[in-house]
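J.: Found this in TrEMBL, in case it helps:
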TRANSMEM  9-29  transmembrane segment
TRANSMEM  101-125  transmembrane segment
DOMAIN    101-311  domain 'ABC transmembrane type-1'
TRANSMEM  137-160  transmembrane segment
TRANSMEM  190-210  transmembrane segment
TRANSMEM  252-274  transmembrane segment
TRANSMEM  294-320  transmembrane segment
Amino acid sequence: MLNYLIRRLLVMIPTLLVISLITFILIQLPPGDYLTTYIAELQSQGEAVDPAKIQFLRDQYGLDKPLWEQYLVWLWGMLHGDFGWSFEYQLPVSEVIGDRLLLSIILSFSTILFTWIVAFPIGVYSAVRRYSAGDHILTIIGFLGIATPNFLLALVLLYLSNRWFGISIGGLMDPIYLGQPWSGAKFLSVVQHLIVPTLVIGLAGTAGMIRRLRANLLDELHKPYVTTARAKGLPARRVLLKYPLRMALNPFIADIGNLLPQMISGATIVSVVMSLPTTGPMLLAALQSQDMYLAGSFLFFLALLTVIGVLVSDIALAALDPRIRLGGPGGA
């Protein structure tokens, strides 16, 4: 198991390097740069553009350097904890994204936890009690969850909470804690405000997880080894828990690597609707203004979360299924 873990960690290093290169290329694809957007904005407002000032800013930000040199400077800075300078906010990127990235990670993990806690028992029940009244009801609810856009659900909940209870459920904390250092009271406020965004963002993922777990478990329950175990008189609970459930969990656990980026990218519209101070709205604004270091850092962190999620899922799968860490049925 240790050798397997070391191999996976070693693979992460070139993967992240390639991701950083692709990320930098992507944010450089649109024509022009931040100063081009800045000049267009000044001209649209009827203001004069000083060429000397623009050239000074271009030299200061290093935008006149070759792309390969800009990439190496950015990569070297990231290795030392310096993610560049945000042109839009006139602050280091690390200061701009700090709280938003932390809140996005907290929201993502709470959504994943909600997804697993709800999807696992319901998926098992639907498979074991196939075609029962409960299975039909849960199937209908699941399809509604998959079909309902999360931003639409957010709008409905915002309206109902304001109309029926006279309260606002927007944001991730009480307004008095905005811009304040972290404390126990601020953390408690975040936890209280997480409930509705977690429900909104996690609904579709939970419904999809239920359907996948149900299908996987049904497939395992109809295999010959389960029929043989039942014919030998083994208790139904033991037959279910011994192998079918473990085997059905493989795709369930493998989804960890996909859930993290899906939660963050899928929450962008919800964050805009519910005024959540997460990374999504800021990433969108950074891409529109071509604030390349801010946008690149967000995209790199999103890719990093994906790689970490895949690593966690690989480790969990290896612990659950020895064939994976041994390299196949033959143990090669």
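Each Cβ is built from the backbone N, Cα and C atoms, and glycine gets one as well.
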J.: Which stretch from 101-125, 137-160, 190-210, 294-320 shares the most C-beta pairs under 8 Å with the transmembrane segment (9-29)?
T.: 294-320
J.: Which one of these stretches, 137-160, 190-210, 294-320, has the most C-beta pairs shorter than 8 Å to the transmembrane segment (101-125)?
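T.: Against the transmembrane segment (101-125), the leading stretch is 190-210.
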